[in-house]
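Quick look at what Swiss-Prot annotates:
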type: ACT_SITE; residues: Lys175; note: active site, proton acceptor
type: ACT_SITE; residues: His294; note: active site, proton acceptor
type: BINDING; residues: Asn123, Thr173, Lys177, Arg295, His327, Ser379; note: substrate binding site
type: BINDING; residues: Lys201, Asp203, Glu204; note: Mg(2+) binding site
type: MOD_RES; residues: Pro3; note: N-acetylproline
type: MOD_RES; residues: Lys201; note: N6-carboxylysine
type: SITE; residues: Lys334; note: site 'Transition state stabilizer'
Amino acid sequence: MSPQTETKAGVGFQAGVKDYKLTYYTPEYETKDTDILAAFRVSPQPGVPPEEAGAAVAAESSTGTWTTVWTDGLTSLDRYKGRCYHIEPVAGEDSQWICYVAYPLDLFEEGSVTNMFTSIVGNVFGFKALRALRLEDLRIPPTYSKTFQGPPHGIQVERDKLNKYGRPLLGCTIKPKLGLSAKNYGRACYECLRGGLDFTKDDENVNSQPFMRWRDRFVFCAEAIYKSQAETGEIKGHYLNATAGTCEEMIKRAVFARELGVPIVMHDYLTGGFTANTTLAHYCRDNGLLLHIHRAMHAVIDRQKNHGMHFRVLAKALRMSGGDHIHSGTVVGKLEGEREMTLGFVDLLRDDFIEKDRARGIFFTQDWVSMPGVIPVASGGIHVWHMPALTEIFGDDSVLQFGGGTLGHPWGNAPGAAANRVALEACVQARNEGRDLAREGNEIIRAACKWSPELAAACEVWKAIKFEFEPVDTIDKKV
């Protein structure tokens, strides 16, 4: 060994492997206002103490690796390392802990959800010392959130663009989602919009397939929008899905939508990717387009309770990346969603300031400062009998989207849309008169049926349809 090598090895460096907790578990640490805070649900392998597991998560998602490296001496680990600063057992579970990790802000590129997730949930989820790992929540400090544009427009600007106030907006996903020609697709859009809906929607997997190329669909849907607007005197829209195989193609589709003069486009933000989504959100703000976001693929990531990432984290990431609407579950429909948990992340989407509330799954107080809000979209297995509950649960700043609940009407698409509009107007009027929608909902709908044969027919068709399954992902409750 040369003298040079001996000198390098002998100055403040000891090779080998040491426990993560010696460096990355710091229960005495006081978090800073500028730290990004994360709450992980950690399930260690047998024999791995929670302190070591939490420290491993902090290390592997920040500056650490499996062994000591001499280049640690070339930087300040105390400045850049993640720190596991608190651990608590999960109620009702023998071998799960919530580990809280603080990350210094300098670890992350400004305005990049992609970089934030690459660090926090990149490698660590495959770590062998853990049986399972789930990111439950993030606290995004204003010093970081202000580096993002956020939603292209936000709730109030959208209401002003549409000139629609004091009620939820109504939408419909065109079905069958695949197989229609562009002209028949546009016809279905027109009938739904003419019948009383505010929006119609491309399904998430409608892009540019052989049976219906995107440009043809855009043209026929624009025709449906203009014709229905002329006949109803209301502003209408169709979520034109601009998701594509490349960012360049996606922007080309958004440009064509703008040239047609339509008000809104759509993106599948998880399958399309956060870089593409942020790019499209910036284009939409610069060019006056609203942006509807579909969360296709989310359940692959968020549905299992002990591994993956909770949707509240994906919702926060979307608000930062940019979107004016996002699907959020229904509570009452066919898709997963516990009520209190759903309302928790709905508030995280819409409100400026959200207090910590573990009863709703919110681990940290979140201050969005002036970032615009996102409208939650309730969609999936809902029909007219659900209208009172949806109006009561989601309030005015929401989109209630009935696909089969519009197009499945026995008299056709326009009567299906009319039935939904009548049901909504009846519920909003009853609420404004002080009636209890949760208790009197069925009575309100039955009364409205007397002066709407379309609603009466819809109520008869779906009177026995229910989706009564226990949710998989639930709030932890003390036993």
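Using N, Cα and C of the backbone, Cβ positions are placed for all residues, glycine too.
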May I ask which of the recorded positions Asn123, Lys175, Lys177 is closest to Asp203 (Mg(2+) binding site) if we compare their C-alpha atoms? Lys177
Cα separation, Glu204 (Mg(2+) binding site) to Lys177 (substrate binding site) (Å, whole number): 8
Taking the Cβ of Lys175 (active site, proton acceptor) as reference, which residues of that chain separated by at least 6 in sequence fall under 8 Å from it? Asp203, Gly403, Gly404, Leu407
Just to verify a number: CA distance, Asn123 (substrate binding site) to His294 (active site, proton acceptor), in angstrom, no decimals. 26
Diameter of the substrate binding set by C-alpha atoms, the set being Asn123, Thr173, Lys177, Arg295, His327, Ser379, in angstrom: 37
Quick note, His294 (active site, proton acceptor) and Ser379 (substrate binding site): C-alpha atoms separated, nearest Å, by 10
Considering Cα atoms only, can you say which of Thr173, Arg295, His327, Ser379 is the nearest neighbour of Lys201 (Mg(2+) binding site) among these binding-site residues? Thr173
10 Å Cβ neighbour count around Asn123 (substrate binding site)? 11
The most crowded of the recorded positions Lys177, His294, Arg295, His327, judged by neighbouring Cβ atoms within 10 Å of its own Cβ, is His294
Cβ neighbour count within 10 Å of Asp203 (Mg(2+) binding site): 19
Around Glu204 (Mg(2+) binding site), how many other C-beta atoms are within 10 angstroms of its C-beta? 20
Take the mean position of the Cβ atoms of Lys201, Asp203, Glu204, the recorded Mg(2+) site. Which other residues of that chain put their Cβ within 8 Å of it? Thr173, Ile174, Lys177, Asp202, Asn205, Val206, Tyr239, Asn241, Met266, His294
